[in-house]
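Database features, via Swiss-Prot:
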ACT_SITE  Glu131  active site, proton donor
ACT_SITE  Glu245  active site, nucleophile
DISULFID  Cys81-Cys123  disulfide bond
DISULFID  Cys273-Cys279  disulfide bond
DOMAIN    1-323  domain 'GH10'
CARBOHYD  Asn101  N-linked glycosylation site
Amino acid sequence: AASGLEAAMKAAGKQYFGTALTVRNDQGEIDIINNKNEIGSITPENAMKWEAIQPNRGQFNWGPADQHAAAATSRGYELRCHTLVWHSQLPSWVANGNWNNQTLQAVMRDHINAVMGRYRGKCTHWDVVNEALNEDGTYRDSVFLRVIGEAYIPIAFRMALAADPTTKLYYNDYNLEYGNAKTEGAKRIARLVKSYGLRIDGIGLQAHMTSESTPTQNTPTPSRAKLASVLQGLADLGVDVAYTELDIRMNTPATQQKLQTNADAYARIVGSCMDVKRCVGITVWGISDKYSWVPGTFPGEGSALLWNDNFQKKPSYTSTLNTINRR
């Protein structure tokens, strides 16, 4: 059996096991990311978002994004680039601009061409459109939807395809894992893009999950069979699927029992990817609980990743590795 997550995924016929990354000087984290048996893909956590790269119109800030791209390419890792068109972390000049259909499309095109052009040939995957759905499966309100209508989604894919035909183009969202109205909305988006005669290569399921009911999520992680059926239903549209931002949070503080329940939830998610041929990879949203976004966003919740604050492997690490090795 393979001794690391990336090695195990490769042995299982998958493409990668990855992590989100914010470059920082912490040797404990760096040592894990340097281990090619453990990690094989990097997603910049924030450095490639619109407000980070183009905070003012025509003013591009490439330093952090370049640094994160180099973190992947220097190690020979895949680079899941994230994200081009999203309502959040969008600079106010875009969100509050006085646009019409034509001028907003020009802004989208300029941004997509600049960003995808700079990293062309480095990004193995791109999250082209992120979080375009409400929980009921309708389209989320955004400047893009208000000005252009639902066509902004296929338009973004068309622009992305023109800017870098070599990368895999994804739609990415959260709460798609439950087989509900939002899942159906993601299927509608895939069909919409294809109806324009365009390519959509994959659907990313963020997989920000819980291992027990919490104040922010009533429904803990579903069964492996349920998760696999959801993945297969998406893959049946002719797209790859991936878990792109996996973390499984709990009400803190953690206990041994909670950590084991959490490990079981990880096994269900990871196992569902093993069960679906077109599930190409898994990315966790960070290495260690020390830097997880969860406690800051969901107070009283946490312990959501595979390594603890001291970079020790948790029960969730063991269950993840064992599940991949068992397939």
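All positions are counted from 1 along the displayed chain.
Glycine too: its Cβ is placed from the backbone N, Cα and C atoms.
DSSP assigns Cys81 (disulfide bond) to a strand. For the pair Cys123 (disulfide bond) and the residue listed as 'N-linked glycosylation site', the C-alpha distance works out to 29 angstrom. Cβ packing within 10 Å was compared across the active-site residues Glu131, Glu245, and the lowest neighbour count falls to Glu131. Look at Glu131 (active site, proton donor): DSSP puts it in coil. Classification of Glu245 (active site, nucleophile) by DSSP places it within a strand. Between the alpha carbons (Cα) of Asn101 (N-linked glycosylation site) and Glu131 (active site, proton donor) lies a span of roughly 21 Å. When secondary structure is read from DSSP and collapsed to three states, Cys279 (disulfide bond) falls in the strand class. Looking only at the recorded positions Cys81, Glu131, Glu245, the one with its C-alpha closest to Cys273 (disulfide bond) is Glu245. Mean pLDDT, taken over the domain 'GH10' (1-323), works out to 98 on the 0 to 100 scale.
Closest in space to Glu131 (active site, proton donor), of the recorded positions given as Cys81, Glu245, Cys279, is Glu245, taking the CA atom of each residue.
Cβ neighbour count for Cys123 (disulfide bond) (all protein chains, 10 Å cutoff from its Cβ): 25.
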